[in-house]
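See structure below.
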């Protein structure tokens, strides 16, 4: 009777779960007790299946990163038409990557590369998307022409920073510093962040060295403030690898959210020219330097970004490059670096770019022959009445050229040709009209264009001399003459004295010889007796 009750109880559970009123009618009274566990197991499996079916599928065009070393790195997959597919869009740039990183609650995009398909026959999706970089997800980007099946043969691999990012900046390497704390982003107070901390952040984000660090540089954060003080040594790979300590002050005043500007990465160069601002364009990507090509319609924008990233001013001209074919880059002119531009694996011939800052900055320095120049608080100072020379020089890039010495105190300019890449401008006597700022401008005609480069300013102050200048000049001349006379006398005196010793010795020898001759003559005239007497006397 007890076994039958258990059987009917289990049957009742199944009947209510499966909504089948006739289920228990088929249960025999002699149902064995050992069937109960099997029925319970079937019920649990069925319940789990219902729970799985109740979970909502990902939204269309959701993204995820798979097979990466961290949760913020890996191959991009898109949920498309009910399944996850690899993303293999032909034209993709760091703006699209930035959206993917933001969608996954990661930090800034650090790197984007392309690799082969996982396996033959795997389905991929191509999105002809156009993102501005500030969208929250790919779904908010403009999808042009719908979606298609991959015809490329490669997927996108993305690396985002995990725990630090720069926001509201002009590019990927500038912005307000924010640190991930408890799955939310917190700004960092300027007092808790120094240059060594900045070096770690710039390196973690794939940028160059820190260029500017200032509170309030990129606005204030809307969320919380990081409650620790970083104590990086500068050689850590990640900001969260640095030591931290409790903040001395628990409040961060408005305007103190630290902003950071890193220099652009050193991944672009111009080769084959005599200047770092002229040559064929190469991009360091995936461990090697590769030639950059571009369509004619995109050339102007691409070279503008190249010159800007290298700090070489603006574009002067573009020449056909070598026959080496490189991957195609397309920019919109406003990018801070080439890695923010779109790139495809199509190959086009390279090109040569010449930027405006072709010539290196010349040097300017002040010299004098009378000791009248000395270092003051505001720069070099010259005594009134002294002569001085301003020398302009430059590195040996190109032969020829000329130097123009400009003076801000007047409209006066002086020009001399460059001889051995330098020129000297002599001023005979300093007076108050020579006080002011000087600079050297080096001009040269290269690549069928005129180029110029200006030195730093040399600020010269004219001050009163402790003695009148004409007295000092006469004293200097007299001292010079006295030195010359003393040297000549010394050189003359040594052989004269030696000659006197020789003459004196020679004279003594002559006297001795004369005395001996007189003595022999006297002895010859005397007789033998006198000679013996003389000897006895001796």
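Every residue, even glycine, has its Cβ placed from backbone N, Cα and C.
Per TrEMBL, these features apply:
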DISULFID  131-141  disulfide bond
DISULFID  232-242  disulfide bond
DISULFID  331-341  disulfide bond
DOMAIN    63-161  domain 'SRCR'
DOMAIN    164-263  domain 'SRCR'
DOMAIN    268-356  domain 'SRCR'
DOMAIN    362-459  domain 'Ig-like'
TRANSMEM  470-493  transmembrane segment
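Residue 242 (disulfide bond) sits 37 Å from residue 141 (disulfide bond), counting Cα to Cα. The Cβ of residue 331 (disulfide bond) has 23 other Cβ atoms within 10 Å, all protein chains considered. A separation of roughly 12 Å, to the nearest angstrom, links the Cα atoms of residue 131 (disulfide bond) and residue 341 (disulfide bond).
Summarising the environment of residue 341 (disulfide bond), the number of other Cβ atoms within 10 Å of its Cβ, over all protein chains shown, is 23.
Residue counts for the domain 'SRCR' (268-356) under DSSP, split into helix (H, G, I), strand (E, B) and coil, are 17 helix, 49 strand, 23 coil. For residue 242 (disulfide bond), other Cβ atoms within 10 Å of its Cβ number 18. Residue 141 (disulfide bond) sits 18 Å from residue 331 (disulfide bond), taking the Cα positions as reference.
Between the listed disulfide-bonded residues, namely 131, 141, 232, the fewest other CB atoms within 10 angstroms of a CB are found at 141. Taken residue by residue, the domain 'SRCR' (164-263) breaks down under DSSP into 16 helix, 38 strand, 46 coil.
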